[in-house]
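Annotated in TrEMBL:
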type: DOMAIN; residues: B:13-224; note: domain 'Cytochrome b/b6 N-terminal region profile'
type: DOMAIN; residues: B:227-414; note: domain 'Cytochrome b/b6 C-terminal region profile'
type: TRANSMEM; residues: B:42-70; note: transmembrane segment
type: TRANSMEM; residues: B:91-111; note: transmembrane segment
type: TRANSMEM; residues: B:126-148; note: transmembrane segment
type: TRANSMEM; residues: B:160-181; note: transmembrane segment
type: TRANSMEM; residues: B:193-215; note: transmembrane segment
type: TRANSMEM; residues: B:246-263; note: transmembrane segment
type: TRANSMEM; residues: B:305-324; note: transmembrane segment
type: TRANSMEM; residues: B:336-354; note: transmembrane segment
type: TRANSMEM; residues: B:381-399; note: transmembrane segment
Amino acid sequence: MLRKITLLAATLGLLLGAAAAPALANTAEEPANVHWDFEGPFGRYGKAENQAQLQRGYKVYREVCSSCHSMKLVSFRNLGDPGGPFWNPKYKNPNDNPVVKAIAADYQVDDIDTDTGDTTKRPGIPADRFPSPFANDYAAKASNGGANPPDMSLLARAREGQGRYIFSILMGYENPPAGVTLNPGQHYNKYMAGGVIAMPPPLKAGQVTYDDGTPSSLEQEAMDVSAFLMWAADPHADDRKNTGIAVLIYLLLFSGLLYLAYRQVWKNESH
Amino acid sequence: MSGHSTYEPKNAFSKWLDARLPVTRLVWDSFVDYPTPRNLNYWWTFGGILTLCLGIQILTGIVLAMHYQVGGATAFNSVEHIMRDVRHGWLIRNIHATGASMFFIAVYIHMLRGLYYGSFKPPREVLWLLGCLIYGIMMATAFMGYVLPWGQMSFWGAKVITNLLGVFPGVGQSITTWLWGGYGVDDPTLNRFFSLHYLLPFVIAGVVVLHIWALHVVGQNNPTGVDPKSKADTLPFTPYATAKDAFAMSLFLIVFAVFVFFLPDAMGHADNNIPANPLQTPPHIVPEWYFLPFYAILRAIPDKLMGALAMFGAIGCLFALPWLDTSKVRSMRYRPTAKICFVIFMVVCIILGFCGANKPDDQVIPGLAGFMLLDANANSWVWLSRIGTFYYFLYFLVITPMLGLTETPLPVPETIASPVVANAEKKG
Ligand code: HEM
């Protein structure tokens, strides 16, 4: 019996391994093995240090990436949700959060003048989504040498390696190895499949000045903006993990009770 | 097993109802008094677990459909709306997406249980066929469900699989066009897949009723494969099987919860978080893990038509199994050679899964140079999948029929109760 269970466990393990296998076949280098404190079952974005990191990451996004990359699925108010960079327990409703309001007002969003029907611009409010830097994909391509900067809302979960991958791309610019010729507008990045990327190196050390005084080394900026993008792709992670721990505790206790009930029922029956 | 009903209505209302629609009697006879072999092990709890899985998929699916907006321009964003803005939408969607994988883990265990203990042999052929039918509809449902979020893998997976039918000579291309509702995978395809994805689980539920009906006519098999002969061999379903099933379900839910809350991306594919783009083929199109062995069989054969036939044939073998197996002994407990062949078969299925996940021409053992064998290097996934495919069919079409005629099985116990009693005495 025990042997069979071991066999089954091994089988299941292999099956799950098979599910994870497709990433194997890739010419690019494996993403760097970096970690963030908010990862894992017990890590939380809401922890003070991690929230500070999200705020720094947002600053990098705002000052650097957002000039090319859109983030269409995220609303300003999300920044003030629990687990978000600007969550403040004083403002349970993120629409009231003054930091969020100020960030939104800093953007100009499209609107329609209801008196004339003309398109106009107005300052953003927390309920608005992040406006995109380009009017459409064609404009984005035209300004970026024919390559479309992917939308950032879900980017961290749209690549094998997730945040590690984004971090690696930002750190992975190199001179091309012998034999690789680059066209104008192309760059060599060892983490990109095929090695050639159309994005110019977006970050350098000291590119942003952090409000909390953290020295802005390239690595620090890359870690911070990757953290922010991981949050943007999975904004309910804290809620998910908290619920998960409660559910697991419940199920473990419940299973214990059911096991006792099962033993009680079968007490006098051989099997 | 459909013996005399022992149900006795207790109060005036149940007497009144029993004389008009004896539904309480049906439930009593099927799930309380129903005799189950006393030696059922935990592999027998997966039938109940599957019913639970179906229920979970239907419930979460209905809630998702309240927020999902079918259509090429809206589908992807509406799923993200569920993940971000709908209260607990992330929970519902994670349960539904993970639930499909859990459903397949359970069904594969359930089916392997049937293979090992010979549950497909007379008189359970119809029960087995209904099970295979359920499995077929499950695959169709899961395939169409995966298309709904309209990510890159949704789109390109749909394209690859529907194109399969195009390889059949003459009618193939017209069938694909008819399925698509146009000349490519597009809005009409997505619309009909949504409609069918909503419908099919209820069809499954209907076939499950037949499946359980058939089960209750012929009775459950058991680890010895010996038919119950007396009352000493069985126990009433409630409380005995119910208690064991409930415990097993709860353990299953623990594994389920670990994936839902802590590994939501483990079973999925990152590319499906990129909106579908008909102009950009992903570098590596792979189906969901539960289709990988069949995908490997499809690609093992260089000819497209033969590949598709082999793939459907691999599933067809399951349907034919009751008539392929010649052994009079049900349980492989008493068939040492069959047991070995069966274990190899399971390993081969897993290896085929890996073959399906990797690019056919990539090396299996990295760095080993290998040599050219016909059309590909011997050290490549495509050759491994050919060996696997060969054994897969060998197992069903040669080993299973031959072994029943040639092997000498171990002695089979007289009754279910006899080894059970012997065991209990040994334990003291
Ligand atoms: C939605 C999917 C399915 C559901 C909900 C389901 C449900 C059940 C239930 C409740 C039982 C009784 C409990 C047990 O003995 O495990 C059962 C038995 C059985 N099922 Fe399924 N089943 C499903 C799929 C399948 C498939 C795909 C097959 C095989 C291809 C299959 C073959 C059998 C057989 C042979 C039995 C009789 C088991 C025995 O007594 O040995 N089932 N099923």
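Please read every residue number as a count from 1 along the shown chain.
Just so you know, glycine gets a Cβ as well, placed from its N, Cα and C.
Predicted automatically and left uncurated, TrEMBL annotations should be read as such.
Keep in mind the model is a prediction, meaning the values are calculated, not measured.
Long-range contacts of the transmembrane segment (B:193-215) within the same chain, counting only residues at least 6 positions beyond its ends with a Cβ under 8 Å from a Cβ of the stretch, are 30, 47, 51, 54, 57-58, 61, 65, 68, 70, 124, 126-127, 130-131, 133-134, 137-138, 140-141, 144-145, 147-148, 158. Across the residues of the domain 'Cytochrome b/b6 N-terminal region profile' (B:13-224), the predicted structure has a mean pLDDT of 96. Nonlocal intrachain contacts for the transmembrane segment (B:305-324), taken as residues 6+ away from its ends with a CB within less than 8 angstroms of a stretch CB, comprise 111, 115, 120-122, 124-125, 128-129, 132, 135-136, 164-165, 167-169, 293-295, 297-299, 389, 392-393, 396-397, 400-401. For the transmembrane segment (B:126-148), same-chain residues at least 6 beyond its ends with a Cβ under 8 Å from one of its own Cβ atoms are 68, 70, 75, 79, 100, 103-104, 107, 110-111, 114, 119-120, 154-155, 157-158, 161, 189-190, 193-194, 196-197, 200-201, 203-204, 207-208, 210-211, 214-215, 218, 272, 287-288, 290-291, 315, 318-319, 321-322. For the transmembrane segment (B:246-263), the most Cβ-contacting stretch among B:91-111, B:336-354, B:381-399 is B:91-111 (pairs under 8 Å). Panel annotation: around the transmembrane segment (B:91-111), residues 43, 46-47, 49-50, 53-54, 56-57, 60-61, 63-64, 79, 82-83, 131, 134-135, 138, 142, 145-146, 252, 255-256, 259-261, 264, 267-268, 288-290, 318 of the same chain, lying at least six beyond its termini, place a Cβ under 8 Å from a Cβ of the stretch. Sequence-distant contacts of the transmembrane segment (B:336-354), counting only residues of its own chain at least 6 positions beyond either end whose CB sits under 8 Å from a CB of the stretch, comprise 112, 115-116, 289, 292-293, 296-297, 327, 381, 384-385, 388-389, 391-392, 395, 399, 403, 407, 410.
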